Amino acid sequence: MTKKKKIRVVTGGVFDILHVGHIHFLKQAKELGDELVVIVAHDKTVEERKGRRPINSMYERAEVLKALKMVDEVVIGEPNCISFEIVKQLNPDIIALGPDQNFDVSALKEELKKKNINAEVIRIPYAYKSDVAKTSKIIQKIVETFCE
């Protein structure tokens with residue numbers, strides 16, 4: 001009797017100030033397969049892309065994600081880049097993109113093909129919309145409420 005191969009889903013993101021939008025996204029990503037691996041953005045990458053350091057360090061964000069039932073493994077990304085080497089090592093069957101991740105799916109698929117990474121790319125749409133389902137909105141609300 002042959003053992004069925006587990007379907008591995010890989011996703012990545014900042015996941016700073018974890019909120020209900022993140023939870024809904026991670027649940028949907030997990031439903032795509034058997035194992036969910038999350039690549040947490042390196043602090044330097046966050047600073048470069050968002051123009052600010054994250055509220056929680058990459059180690060704190062990784063620890064919070066590891067505590068979630070739907071997350072099987074957490075890896076911290078490389079500084080200042082999307083590391084295709086990490087993705088290749090993780091050997092995903094599916095790469096799940098969040099609704100606010102501004103990747104050109106066609107370009108990403110081409111790059112994966114060049115790197116010999118055979119994974120399906122799936123963009124997960126917003127499952128939960130609210131003013132508190134976006135980290136920047138949470139920060140803005142905190143500043144408006146407590147800093148004026």
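Placed from the backbone N, Cα and C atoms, the Cβ positions cover glycine too.
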Legend entry - Recorded ATP site member, picked from D93, D100, that accompanies V14, F15, H19, V20, G21, H22 in Swiss-Prot: D100
Inset, instruction - Out of V14, V20, give me whichever of these binding-site residues has the highest number of other Cβ atoms within 10 Å. - result: V14
Legend entry - All-chain count of other Cβ atoms within 10 Å of F15 (ATP binding site): 27
